[in-house]
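J.: Okay, so Swiss-Prot annotates it like this:
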TRANSMEM  21-41  transmembrane segment
TRANSMEM  95-115  transmembrane segment
TRANSMEM  124-144  transmembrane segment
TRANSMEM  172-192  transmembrane segment
TRANSMEM  197-217  transmembrane segment
TRANSMEM  257-277  transmembrane segment
TRANSMEM  281-301  transmembrane segment
TRANSMEM  317-337  transmembrane segment
Amino acid sequence: MAEFISSIQAMGVAYLGETLWTLVWTILKIAVLIAPILFCVTYLTLAERRLIGFMQVRLGPNRVGVFGILQPLADAVKLFVKETMLPAKAHRTMFILAPILTFSTALVSWAVVPFSPELVLADVNVGVLFILAMSSLGAYGVLLSGWASNTRYSLLGGLRSAAQMISYEVSMGFTLVPVIMLSGSLNLGDIVESQKGLWYALPLLPGFFIYFISVVAETNRAPFDLPEAEAELVSGFCTEYSAMTYGMFFLGEYANIIMVSVLGSLMFLGGWLPPIEALSFIPGIVWLILKTGVLIFFFLWLRATFPRYRYDQLMRLGWKVFLPISLAWIFIVGLAMHLLDMA
């Protein structure tokens, strides 16, 4: 594969010149990265509906195509052909900009995700920090949508979502600190390679548990979907959106679900490393997909199983339970590392 890519690059430089080929090659890499992500996001919606249907003893989508396999395409066509309605009192520029900001920040994070030692768009030394920064920017799009809609339900949903994302991002970030301490790097590839022989999910199990619950809350998924609580806020910050402006929020949410699942796999479950050395003949990207799929399954299972939290319970859990525990966990891991070094 490396030789094939090198030959393509050599041909491109020969025909287009180094400057133009660099631009074309960058665009090609971005397209090759984004296309599978959008495909996975689209069919994750079908997987969710089928899985929840199974858990609720019903069929789920089964009319469009064989076993409903074309349902996501039908939904995409429906969103594309619908008219984008702008509320009369909305701030129009910000109203359109908000879903674009949310969707773009959800995709930009993928630039630093390594799918294998060689398969990464941008191998930066601060990959973890970059992903956390991009996830923080997503809160601005949601808050902006609530404000720009200029309606009560949307504003309340935007404020709820921003507060929730900021609250749980703190504990999520703190749970990643022990992983960085053990690996000695912010580079995702180095963190995966440091887990040879022992995945960090085993010695850092409490942190892994808090990480998973925190990312469920940060992505506004059930049972923490307070910003979109239908019984209270109609549809929260998405109330006034339709067509592809609504679709961008929808795609951004599911792209974030896959993103935090991949990040959890890389940080705690060994990424592309096999569980035992005897299975190393299986390509690393297969292991990464399997581990990510397991985490995504738990996202969907939680939605079908648990009732929604009250907002005060949600905030109390984040600030009074997870934040102190994650801080104490950093201290415990640091103390254990110090004592082991002394021994």
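Cβ coordinates are placed from backbone N, Cα and C, and glycine is handled just like the others.
Map these features onto the structure and tell me what's around them.
T.: Tertiary neighbourhood of the transmembrane segment (172-192): same-chain residues 112-114, 117, 120, 123-129, 132, 200, 203-204, 207-208, 210-211, 214-215, 218, 266-268, 270-273, 323, 326-327, 329-330, 333-334, 337, selected by CB-CB distance under 8 Å and a gap of 6+ residues from either end.
Here the transmembrane segment (257-277) has long-range neighbours at 37, 40-41, 44, 106, 109-110, 113-117, 128, 131, 135, 176, 179, 188, 191-192, 195-196, 199-201, 204, 207-208, 211-212, 215, 218-219, 221, 284-285, 287-288, 291-292, 295-296, 299, meaning same-chain residues at least 6 beyond its ends whose C-beta is under 8 angstroms from one of its own.
Long-range contacts of the transmembrane segment (281-301) within the same chain, counting only residues at least 6 positions beyond its ends with a Cβ under 8 Å from a Cβ of the stretch, are 44, 47-48, 51-52, 55, 115-117, 119, 212, 216, 219, 221, 257-258, 261-262, 264-266, 269-274.
Tertiary proximity for the transmembrane segment (317-337) is limited to same-chain residues at least six positions away from its ends with a CB under 8 Å from its CB atoms, namely 164, 167-168, 170-171, 174-175, 177-178, 181-182, 204, 206-207, 210, 213-214, 217, 309.
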